[in-house]
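The following features are taken from Swiss-Prot:
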{"type": "BINDING", "residues": "Lys111, Ser112, Thr113, Tyr114, Ala115, Arg116, Thr135, Leu136, Glu137, Gln156, Tyr170, Lys179, Gln180", "note": "dCTP binding site"}
{"type": "ACT_SITE", "residues": "Glu137", "note": "active site, proton donor/acceptor"}
Amino acid sequence: MTIMSDKWIKDAVIKQSMIRPFAEKQVRVHNKEKIISYGLSSYGYDARVSNEFKIFTNINSTTVDPKNFSEDNLVDREVDECIIPPNSFALGRTIEYFKIPRDVLVICVGKSTYARCGIIVNVTPLEPEWEGHVTLEFSNTTPLPAKIYANEGACQFLFLKSDQICDTSYAERQGKYMKQVGVTLPLT
C-alpha cells in the first residue's frame, strides 16, 4: 500500500467527490482568529468536527454495553465548544462527507494540538467504498475538563492505495455504518 499525496487527493475529490466540502489548502485563520487547522496537507486531509456532540454522562448510572447500547448514557449538545468532563468521552462527527474509492483504505490519526492537551481522537479505518460522515470518538484523558472546538480541525485522514482491488468492498457486504449521517451510535 502506498500513502497518497495532496495531488492524488485533489484529483480524487474532482473525479469522485471523495470529500465534500473540501478545503484545497490548510486553513489556519477564520474571521481574523487563529483556529485549529483543517484542509489538504502534503499526505492527508485534516477534517473538521461539526457542532453536533454526544457526551457521556453517569446521570442514569447505566452500563455501557456495545451490544445493547443505551442512549441514556449520553447527553446531546449542539455547541461551538464542547466541554468533555475529566476522564470522560464524547462523540462528534466530521463536517466532511467521505466517499472512499474501492482501492483505498483510510486511516485516521489525531491532531497534535489536541494530543498535547490529553485529548485523543479515535476512528476506525474507512474501508473501500464506504461513505458517510465519520463519527469521531474523543477521549479526555486528563483530570480536568477539556474543550473541543466545532468547525475546526479535529483529525487527519491518511489515504492508502492498494496494489490490488479487494474482492468484497464495505458497500458490497452492506456494512452497518454505510452512508451514516450525523453522530452514529454503536450498532450490532
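Backbone N, Cα and C atoms are what each Cβ position is placed from, and that goes for glycine too.
Sequence features annotated in Swiss-Prot and their locations in the structure.
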| residue | record | DSSP class |
| --- | --- | --- |
| Lys111 | dCTP binding site | coil |
| Thr135 | dCTP binding site | strand |
| Tyr170 | dCTP binding site | coil |
| Gln180 | dCTP binding site | strand |
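For the binding-site residues Thr113, Gln180, the largest tally of other C-beta atoms within 10 A is found at Gln180.
Around Tyr170 (dCTP binding site), the same-chain residues at least 6 positions away in sequence with a Cβ under 8 Å from its Cβ are Ile100, Glu127, Pro128, Glu129, Trp130, Met178. Counting every protein chain shown, 13 other Cβ atoms lie within 10 Å of the Cβ of Ala115 (dCTP binding site).
Other Cβ atoms within 10 Å of the Cβ of Thr135 (dCTP binding site) number 19 in total over all chains. Non-local neighbourhood of Glu137 (dCTP binding site): Phe89, Ala90, Leu91, Val121, Asn122, Val123, each in the same chain, at least six residues away, with C-beta under 8 Å from its C-beta.
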